[in-house]
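Single-structure report; data block below.
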2 protein chains.
Amino acid sequence: MTIQIRHLDSAQPDFKQRLDTLLAFEASTDEAIEQSVAAILHDVRQRGDAAVLDYTNRFDRIPGGAASMAAFDVPQAELQAALAALPAAQRAALETAAARIRVFHERQKEELRGFTYIEPDGTLLGQRITPLDRVGIYVPGGKAAYPSSVLMNALPAKVAGVAEIIMVVPTPDGVKNQMVLAAAAIAGVTRVITIGGAQAVGALAYGTASIAPVDKIVGPGNAYVAAAKRRVFGTVGIDMIAGPSEILVLCDGSTDPDWVAMDLFSQAEHDELAQAIMLCPDAAYIARVEASIHKLLPSMPRADTIRTSMSERGALVKVRDMQEACDIANAIAAEHLEISAEDPQQWADKIRHAGAMFLGRFSSESLGDYCCGPNHVLPTSRTARFSSPLGVYDFQKRSSVIFVSEAGAQTLGKVAAELAYGEGLQAHARSAELRLRPAA
Amino acid sequence: MTIQIRHLDSAQPDFKQRLDTLLAFEASTDEAIEQSVAAILHDVRQRGDAAVLDYTNRFDRIPGGAASMAAFDVPQAELQAALAALPAAQRAALETAAARIRVFHERQKEELRGFTYIEPDGTLLGQRITPLDRVGIYVPGGKAAYPSSVLMNALPAKVAGVAEIIMVVPTPDGVKNQMVLAAAAIAGVTRVITIGGAQAVGALAYGTASIAPVDKIVGPGNAYVAAAKRRVFGTVGIDMIAGPSEILVLCDGSTDPDWVAMDLFSQAEHDELAQAIMLCPDAAYIARVEASIHKLLPSMPRADTIRTSMSERGALVKVRDMQEACDIANAIAAEHLEISAEDPQQWADKIRHAGAMFLGRFSSESLGDYCCGPNHVLPTSRTARFSSPLGVYDFQKRSSVIFVSEAGAQTLGKVAAELAYGEGLQAHARSAELRLRPAA
């Protein structure tokens, strides 16, 4: 079965509308999932561990059924054993990736140190940065269990200085993913609990007898996990709810077309809803990439997923020039943006919205997914217009510091009282006025 | 009618439970509001301006009924006229507050400049900071229209470099609040539109013929506005959904009790759900504050609100010592924390969670509410455990920058391929391997 790829041309009169249609993606809200999740969360809040135990035994088909929550705790020794048992090359790769992720995220931490300044009258103002106390990391189980995601979610929290990192990972049929456990060991996760689903989100948010409540929950999950995270938001912090993954390749036609085709595949192989789009001003080059796609597809183990994704949601777009490509890229605000071109920096300077930018033909997205250092948890579905990669800052918060001197209270008090009376808040005004020295 | 204030003592065996009960606040979800908001948002998305016009004429009882959306646009000349017509003292107070807010928020901008570093093999990694393109500021209408909130919401966006700031403010019965319009002029708001409610949130999120869609919506509102913001989250960014305002005063007994009583009032006067709590190790001093409360209450114009709030949700708490007060303050994670004590810095150093800290007896919360410089939009309902004051950073986002050199691709490619094969993502692996030079 061949692959049908959509071709668009920015010169088409209805191009904008076609592009909008292509990009449109709305996570549907499934009422049955919503109700099921609401019931599970309510039950976990009421019955605590007993509820989590019941759901886990049932949904994850735990062989024999666990008798207590203790059965789901993975001892640190087991994490270390998983790490020790890894093939040497795999272990080295994980450790290299972790070291590089740490270095990049340390730079984020250095950037955000807080500040203090003192005004001439002695009033001190500032902003203090502190880490969260305790966070929960959700790691999907089964086929979508990615050790790289353990590193990308846990290490920023670790670098931020979070004291307790609780990782939950479901183990369908009781099967543990050893590479995931090894990644938890490398990342320095405090505690691993083999529970998942809405029940794990509820346990982390509300706490149970065996699990202390966390301050924030991050990490991807299925529709039940996403719905549960939305519902506990406010009780705890959450990261963005991720949509399907996307890549946008801006190409001036100077890169080996096989490379670009494989970069598009690397997004498309994630799942059938993933989106891979190329923008290029060179029609002949677009044809060469398309030929590479047809040539390379049969060799891919995940060819079926790639074919569906590329046919349903992919596109090869002919643009007038690279400047127009940048304008379109800003409208798309892609999760991953590859600028595969000569002197890519000139185009990068024109990009305002993208989760991560991959510059030059050697920066394949897959390098960034695993081991460049920056985070692979990135804003999807155009949310790069207003949100950022997961980072150390997601595990820190700021507090304002205000230390008004007696002299400062004299000038500030009059300003505050004037405005407070204007807003009809007299106690605010009086509170400021009480600090004024009586007129001489 | 006298005021009944709850007394707690940390030595009580059930103290923790009593405190938890006192702090418990859960915004109830009103199904009727949810359905009404869903219908309004759907209608605005379908019919655009026509829907916004209909709802605004109806809900805000616009006299005569506006014929088109143009009627709701407030020309810049009208904003400037409102500013020119303000009493001189009020105008000076607003301008002083704005100048101080700008200075503090410029420091936030300076702190976050992004970074770049180049590795020995020539690979460049970095993080770029860019402002949002267009944001919406929701300002409540009627009695709760606060010009200070206009400054606190708009100025961080302005400092961040947001190109377009669209302010919406409903005008029930067509009445415009002149001080709010003047504040918009001072803050440099791009456009003011006199619409509100879920229809305004929908117009900002989805866009209409007359209103371009924004990237983020901030600012407080009633239950309809809060529900609408939750629903459009994802399409646009939103700030935290604010709960009732709170103050926690840590007192060593060295501050004039009238001052502390008035500080508690300044929170309690906001609304009946506001929460004002004092922690103090000195029982005699607690009695003096209570006496001040009884003495001062009758003089307050908003005495009824203060009485209800203090009776229902306030407390005077006897603690063992200031150290214990700090521990309890960390558990409460208050929006506003006053440390009204000698050498307050020693206690501030023990605080991990608070929206804003007010140190020393001259730092009344009301000074911070209006004109110290830090933002008065702060995390409520214990969310200071994981979130921050509104700031310039809320109107900026980060993009990762990855520019791998040919040499870098050789080492990184092998690491990425090893991990990608381990995760079963072969296109990721091949995409990295294509960049490897053939072995010599």
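Including glycine, each Cβ sits where the backbone N, Cα and C put it.
Because TrEMBL annotations are produced automatically, they should be read as predictions rather than curated entries.
The NAD(+) binding site annotation in TrEMBL covers A:Y138, A:Q199, A:N222. Secondary structure from DSSP puts A:Y138 (NAD(+) binding site) in a beta strand.
The substrate binding site annotation in TrEMBL covers A:S245, A:Q267, A:H270, A:H336, A:D369, A:E423, A:H428. DSSP assigns A:H270 (substrate binding site) to coil in the three-state reduction, outside any helix or strand. The local packing around A:H270 (substrate binding site), expressed as other Cβ atoms within 10 Å of its Cβ over all shown chains, amounts to 23.
Sequence annotations record features per position, and here TrEMBL assigns Zn(2+) binding site to A:Q267, A:H270, A:D369, A:H428.
Other Cβ atoms within 10 Å of the Cβ of A:E335 (active site, proton acceptor), summed over all protein chains shown, number 29. According to TrEMBL, the active site, proton acceptor annotation covers A:E335 (among others).
Take the CB of A:H336 (substrate binding site) and look out to 10 A: across all protein chains shown you find 28 other CB atoms. Annotation comment: TrEMBL describes A:H336 (among others) as active site, proton acceptor.
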In Å, how long is the longest CA to CA span across A:S245, A:Q267, A:H270, A:H336, A:D369, A:E423, A:H428, which the record gives as the substrate binders?
56
Proximal to chain B - binding-site residues among A:Q199, A:S245, A:E423, CB under 8 Å:
A:E423
Write out the long-range same-chain contacts of A:S245 (substrate binding site), meaning residues 6 or more apart in sequence whose Cβ is under 8 Å from its Cβ.
A:Q267, A:H270, A:D271, A:A274, A:Q275, A:E335, A:H336, A:T380
Need one number for the NAD(+)-binding residues A:Y138, A:Q199, A:N222: the maximum pairwise CA distance in Å, whole number please.
13
When each of the binding-site residues A:Q199, A:N222, A:Q267 is scored by other CB atoms within 10 A, the minimum falls on A:N222
Counting every protein chain shown, other Cβ atoms within 10 Å of the Cβ of A:Y138 (NAD(+) binding site) number 27
Give the number of CB atoms, excluding that of A:D369 (substrate binding site) itself, located within 10 Å of its CB.
29
